[in-house]
Amino acid sequence: MTLSFFEDISSQVQVPRQGDMVFKDECPFSFESPETEKGIYICMRHFVGIGSKILRLYHEKTGCRAFLRYKIEKHFKDKGVTAQEHPTKLAIGISGGFDFPQDMYTVTEHWSLVRLPQGDSCDIPNPEPGLAQDDISHLRFLELPNRLAMSIALIQRAESALLAEERASAVKAWEDDNICLISSYAMNLVQIDNSVRIPPSGWKCARCDLRDNLWMNLTDGTILCGRKFWDGSGGNNHAVEHYEKTKYPLAVKLGTITPKGGEVYSYPEDSMVTDPKLAEHLAHFGIDIMLMRKTEKTMAELEVDANERLGEWLTLQESNHTLEARYGPGMTGLRNLGNTCYMNAVLQVLFSIAQFRSYYAYQLPIWSEEALDLFTANDHPLLPVDHIGLQFSKLGHGLCSGDHSWLVPNNVNHPKQGPVPILPGIRPILFRRLMGAHNSTFATKQQQDACEFLIYLLDLLEQKANSEELGKVHPSNVMRFSVEERLQCGLTKKVSYRTGHEWILSIPVPMEAAINQKAVDDFEKRLVEAELNGVRLSPDEVVRPIIPIEACLSAWSETEKISDFKSPASQPPGAKTFALRSNRLLNFPAYLCIQVERFTVGADWLPKKLDVEIDLKSTAESSTDWFIDLSSLRAPSGSRPLPGEQLMPTDEEIGCKFKLELYQIS
């Protein structure tokens, strides 16, 4: 078979070299992928997969004519899931772990060579596995020019650029299989000779009736229950309390001990550790490690159970609740790419704002044109996958258009056979890659702070936005506000003002403002009694302090007294006194983004999260125009200083005055 009519495009193609990235997971202009109906068309000059919707425009702008159409079909394997097959290990593809995708369904790849603008196409066979990257034996019967055949073979076998970058960034797997560090307390652990002998089974917490999740302290042999989990299961924290009282550092989880070792936790080091002398430490209390067998779940297995309870599945569920499915424009979900919930939450919020939708989501054609113009520029062309405005616009269009939102059949989670269905929602893989490329903090699969990401994203969008092209003010302005800080010297009563520009108002949580303090006190008493009696309270019985949002806002605007203030207004400057500091808003944005500061510093100087509820109710809740009165946060109008005030001298003024005095003396 001779494909002579493809010879004219042979000179246009490039042969991928070592280090060249082949983007074949998703179109940079849309969410078309190899798994969607028409697949994607990989440009054989630039190695970027292009969706069918923009293929013609891409061809016209770039002049590229040779493309490899790449289509994937998936079919479920006829394999039932039994109770014994539930995952017990935080790993993939090994015994006890999660199945590899290929164990769940078959994957068939389809390739074809396409020539534009004619639209001619020819099916291309799949390469034989196990052969060299540049092997073209599967293409010989097509009698293609050698350059064209070599390009096809290398693109077919090329690793996905996204997968390669993820591997290069050394993203940690869900379970870190590295050996725990050796505890600094293990080698010289002091063990009390108290004649305690531990039986091989039948253990029970020394302070309650729990018989699972038990930890034995390796110093005194006391057996106590572990921590309480987020859902109320687990223990009653008795092992932790024992450490806090005695400071005995190491504990081993009973039921995880085998001849190979056991799970050891170090309280002062706050992590799982390795105890090289575990067998010796166990023998002190009469435990023969060689006779022990695993009877309890490890912490990794418990984490898998917890994740399954959290419902990391495609359907949206809550405990004891069935949520109604919503779909259509503006109701598109974002898939979690591995602890990217912080990113997804920020993106959903931003595209709920009309100005962001107008500037980005509804302007995808303009952003696409701009990206293609920059891509075809002679000087330093910018790949579409690296264009921030395009990727954010594409994401917004995907969320707001409704193209990726539809009703899912009830049986989609338990398919028997046939093709794997394309489920609603979008995977922001190119966007996440781009965020990580600009800031390594967001390149990993570790959980990050949503507030920190929001500030970073708004900054980045403003820097990269081409406002002249779209002829509009950047939408981040609807969130920007100015804060005026007033500082008053306690000695001279003089003042200074400083203005800062912010996107987020961080407000404290005044615990003393709880409106249900009596209920909280009563609950804490019941909790103490329950622990003494070995009874576990259900999560429904937990009573958290309820703090009105108005109290948090009021606490932000309160005047703060600063001790040991060195006054620049004293004579001579630098006298020690105090200062009064207060903050007010110079303007109110259309959208005020508030961060509740739930983290504080405890008496031990360690970060501590406040377990509270913020109450958004107000006296006007029953009316149509529900609102929160922010007028008390507004700065007084007028120029600074205000009538009756005197300004403190600035550092520059003090320095100039000092230099003048030295000059006069000389």
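Glycine is no exception: its Cβ is also placed from the backbone N, Cα and C atoms.
Listed features, source TrEMBL:
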type    : residues                       : note
BINDING : Cys205, Cys208, Cys225, His238 : Zn(2+) binding site
DOMAIN  : 181-289                        : domain 'UBP-type'
DOMAIN  : 332-666                        : domain 'USP'
Tally of residues which DSSP labels helix, strand or coil - the domain 'UBP-type' (181-289): 16 helix, 23 strand, 70 coil
Remaining residues near the recorded Zn(2+) site, that is with C-beta within 8 Å of the centroid of the site residues Cys205, Cys208, Cys225, His238: Ala206, Arg207, Asp209, Leu210, Leu214, Leu224, Gly235, Asn236, Ala239, Gly534
Site of maximum Cβ density within 10 Å, from binding-site residues Cys205, Cys225: Cys225
Cys208 (Zn(2+) binding site), number of other Cβ atoms within 10 Å: 19
Which same-chain residues, if any, lie at least 6 apart from His238 (Zn(2+) binding site) yet have Cβ under 8 Å of it: Cys205, Ala206, Arg207, Cys208, Leu224, Cys225, Glu531
Rounded mean pLDDT for the residues that make up the domain 'UBP-type' (181-289): 90
